[in-house]
Each structure stands twice: as C-alpha cells, then as structure tokens.
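Going by TrEMBL, these are the annotated features:
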- 12-34: transmembrane segment (TRANSMEM)
- 59-84: transmembrane segment (TRANSMEM)
- 114-136: transmembrane segment (TRANSMEM)
- 151-171: transmembrane segment (TRANSMEM)
- 160-282: domain 'Fatty acid hydroxylase' (DOMAIN)
Amino acid sequence: QGEKLWDALKISAYVFSAGLLMFTALVNSVSWFMQNITLGNFWQTAWLDFYNYMEGDEWTIFLLGAALVPALAFWGFNGILLVADITGKPTFITRYRIQLGKNDPVDTKKLWKAIYTALGNQLFISFPMLVPMFYIMKSWGNTFSEELPTFQWFLVELSIFTVVEEILFYYTHRLVHHPVLYKYIHKKHHEWTAPIGVVSIYAHPIEHIVSNTLPVMTGPMIMGSHIVSISAWFSLALVTTSISHCGYHLPFLPSPEFHDFHHLKFNQCYGVLGVLDFLHGTDRVFRQTKAFERHKVLLGLTPLSESIPESPKKDE
C-alpha cells in the first residue's frame, strides 16, 4: 500500500510539473506575442499619439480613460441587450434566456426606472469619485507615464485587481444583505429577481459607492496603475458585471448562472468568482441545482436550458 501511494504521488507530481511547465510556456509565448507584436508596437504608438494630441493634460486624459471609455463599453454592450429585452429580437439572443418566461418582454416602466437610476449612479456617484482617485493616482507618478506597462505586468495587475474586487465585493455584498441594511439599501437592487444587464448598477447610492465602485477602484489605487490599465480594467469590470446580470447564457461568454441564481434565491452566491462562497458555504444550495450544472462557458450553439433542462416537478 505504501509503495502504491508513493508511486501515485510521484505520478501526480510529474503530471503537475509537466502541466505547470506547459502552462508557463504558453503564457510566456502569448505574453511575448502580445508585447512585441501587438502591445509593443501599435498600442505604444497609439498611446503616444493620443498623449501628445492631449498635450499631456492629465485630468482630461484621466477623465476620458476612467470615465468615458468604460461608460461607452457599458452602454454599448447593454444597448445590444436592451434591444433583445424590449423587442424579443434577435432570437439568437433571446433563446438563451436563463429564467424562461421572465422579461419576455421586459416591463418598460421598470426598465426606464433602472436606466435612470444607472445613469444617475454613474453621473452623480461614480464620476465624482474619480476626483479623489485622480489625486491618489498622481501621487504614484506612474499613471500618466509616456511608456505603457508591459503586457506581462498588465496581466499581473489584472490578477490583483480581480482578487481585491472579489474580497471587497463579497463581504460588502453580504453586509448589505444583513436584515438591518437590506430593507433600506440592498432591497432596491433585488427588485429584479430576473435581472437584465443594466440592472448591474441599479442600486441605492450607498450600495453603489461601497459595493459597486470601491471594490473596482481599490486595486488600481493600491497598484498605482497606468491610466490605460485603469481604463481597460474599468471597462472589463462593467461589461463582466453586465454579463452576470444580463439574464442570457450566451455562447462563448462567461456564465451568468451564478449571479442570476443569487437574484432568484437571495441568500446564495454573493461573490464574483465563487471562491469565497465556496469557503464560506454560501453556494451549497446552488451546487445542488441544475443551474450549477449549467454554470460553465457554453462552447456550442444549443442553449444549456435545453441540453440541461430543469427537473420536472414532482406533481407533474
């Protein structure tokens, strides 16, 4: 038995080491390609042209990069989803609906309320919060450098941003689910038990500050990141949270099943990645459902609601 165990450990160590070497080689190859072929040439030149065109006006550059570009990414992506939510077309999108029969079509009165609230949160909360962030970033001295960060360093930053957001979002999100706070703050966001993309920032102002904005802003402030990294991260964060709320499990995009289940059940799946939910046991119910089986990237065109349908009810 001891020899078998030792042999198993040796084989596991070999497989793990080989896999790690292959993964490292792949990452290094991709990083080299992005740095020397894509980022190192085109993006560096484009950044210098833009920087010179703006005559080094750091505040304007920061406002464009940290506010305008992410806002365009958010509303551009959600504009496509809103067409599907309102008209039910194109069917290529609507056939991937998670909660079948919900928002079909969406309640226009609720929708306009969500849009106005989302715009208000961006204009009167998110954008003003960029003012103190601007001065924090200036104190680092790297944010407006004429030399872009390497692609490898951007990947490191992206990993740190993601971890910081996961920790801050999970615990602030659970905090606003406390009965004392839920009724007055977080209940607004949960008016949508079947969410749509724009609902991702449909929230009480306090929640938008504490749970939506600060977890995303904190990583770049800790790292003293370049404005290009900040712009890319903010845009990615807004599009990702829109996907989590969109109500459609679309092919080749991250699965929204996890957060959609949170809106459906309220007391499950508080985080973004699911790591802290696993550690704290706040995904136990989710893991026993068909939604958990569907919680993966759809690599084909058949909706997962068809290939992994809900189990028939006992009384049927």
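Backbone N, Cα and C atoms are what each Cβ position is placed from, and that goes for glycine too.
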The average per-residue pLDDT within the domain 'Fatty acid hydroxylase' (160-282) comes out at 96
Secondary structure split (DSSP) over the domain 'Fatty acid hydroxylase' (160-282) reads 85 helix, 1 strand, 37 coil
